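*Asks:* According to TrEMBL, the feature Zn(2+) 1 binding site maps to 64, 66, 161, 277. As annotated by TrEMBL, domain 'Amidohydrolase-related' applies to 84-350. Sequence annotations record features per position, and here TrEMBL assigns Zn(2+) 2 binding site to 161, 194, 217. Among the features that TrEMBL reports, N6-carboxylysine is placed at 161. The feature site 'Transition state stabilizer' is assigned by TrEMBL to 163.
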Ligand SMILES: [Zn+2]
């Protein structure tokens, strides 16, 4: 029997009824959560790790990432994940139908991190975000190719992704978005639409989104398409939230405008999920997912709330929460993270040259994936 006890921490479990935060030990047996309570009865030979002073949470679920190793954008989930407390990545359109097999065999099947994917409606995927957009040539935007691939890899593909913005679609306008919508409907999967510079316009995008679909890059600052305009959240956005559309952060290299985020938060419009959009070109702007979470602490959000939006909520929207992902439920996969809440002033930049500051931040201290410690920042484990 393989057993691990995380002892003395403050557990934050967004799924827990009533008391989401409490002092408890977390006992892991054979890769599953076996107990979350004070002083549980432990099997002989249990390895004990002192996590006192730390916040113990479900492993983070990053709803927007690019982890296709060897592809232009891809970062290695087993490098980025452990150091950031992230145990599940949702890749958002790095691969389309023509390359998904390579993504699967080269990365997903081999990774220690759990990886699921939104399949790019373009068969070539987000091949290079610095050159031509993958939707400029509509021949690549083949509904049949996408549907066949999503069906073949139904165990991994959780939705369809379309980067519906002027810098990606070129002269194709709204057509790629409409094709993505049709494929998602045909397969009964959620659609994720990325918001950037028009076209299409944000009202046109909102009109395509149904309950359970995801609008990613919700705090983008592109003037013509920002979701906060003339002192208020757009009507089409409020209506979309009302019918159950998910609003996701996806900070990335150009999609986090602190002014827009501040205004929307002040208007009571919180993001449903906080994701990083980590990729090879955004690492400098992001740092890691805990750094993105910390920016929301700086903007006034509560710690437990930020944790819920990076664990349980993205797991629910990725269809993984039923299996216990994003929770510390008894019997759930033992994906656990522990964070230090570091007090002290910190300066931040957004992706449009704006600056703001915070007074505390989250730092990943310990990461457990499927019951095994994959990161220990303190290197002070006790036998
Ligand atoms: Zn992205």
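Placed from the backbone N, Cα and C atoms, the Cβ positions cover glycine too.
Automatic, uncurated: that is what TrEMBL annotation is.
Predicted, not measured: the structure shown is a model, and the values here were computed from it.
Just tell me what is around each of these and how deep it sits.
*Replies:* In the three-state DSSP classification, residue 161 (Zn(2+) 1 binding site) falls within a strand. Cβ-based neighbour count (10 Å, all protein chains) for residue 161 (Zn(2+) 1 binding site) stands at 32.
Other Cβ atoms within 10 Å of the Cβ of residue 217 (Zn(2+) 2 binding site) number 29 in total over all chains.
Within the same chain, residues at least six positions away from residue 163 (site 'Transition state stabilizer') with a Cβ under 8 Å of its Cβ are 93, 120, 126, 133, 134, 135, 169, 194, 196.
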*Asks:* For residue 64 (Zn(2+) 1 binding site), which DSSP three-state class applies?
*Replies:* strand
*Asks:* Compute the centroid of the Cβ atoms of 161, 194, 217, then list the same-chain residues not in that set whose Cβ lies within 8 Å of it, in sequence order, for the Zn(2+) 2 site.
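*Replies:* Residues close to the Zn(2+) 2 site, other than 161, 194, 217: 64, 92, 93, 162, 163, 164, 192, 193, 195, 196, 216, 250.
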*Asks:* Below 8 Å Cβ to Cβ and six or more residues apart, same chain only. Which residues does that give for residue 64 (Zn(2+) 1 binding site)?
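*Replies:* Counting only residues 6 or more apart in sequence, the Cβ neighbours of residue 64 (Zn(2+) 1 binding site) under 8 Å are 90, 92, 216, 248, 249, 250, 252, 275, 276, 277.
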*Asks:* Kindly point out which of the recorded positions 161, 163, 217, 277 have a C-beta less than 6 Å from some atom of ligand 1.
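*Replies:* Listed by sequence, the hits are 277.
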*Asks:* Report the same-chain neighbours of residue 66 (Zn(2+) 1 binding site): residues 6+ apart in sequence with Cβ closer than 8 Å to its Cβ, ordered by sequence.
*Replies:* 73, 74, 75, 91, 92, 94, 126, 277, 278, 279, 280
*Asks:* Would you mind checking how many other C-beta atoms are within 10 angstroms of the C-beta on residue 277 (Zn(2+) 1 binding site)?
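*Replies:* Summing over all protein chains shown, residue 277 (Zn(2+) 1 binding site) has 28 other Cβ atoms within 10 Å.
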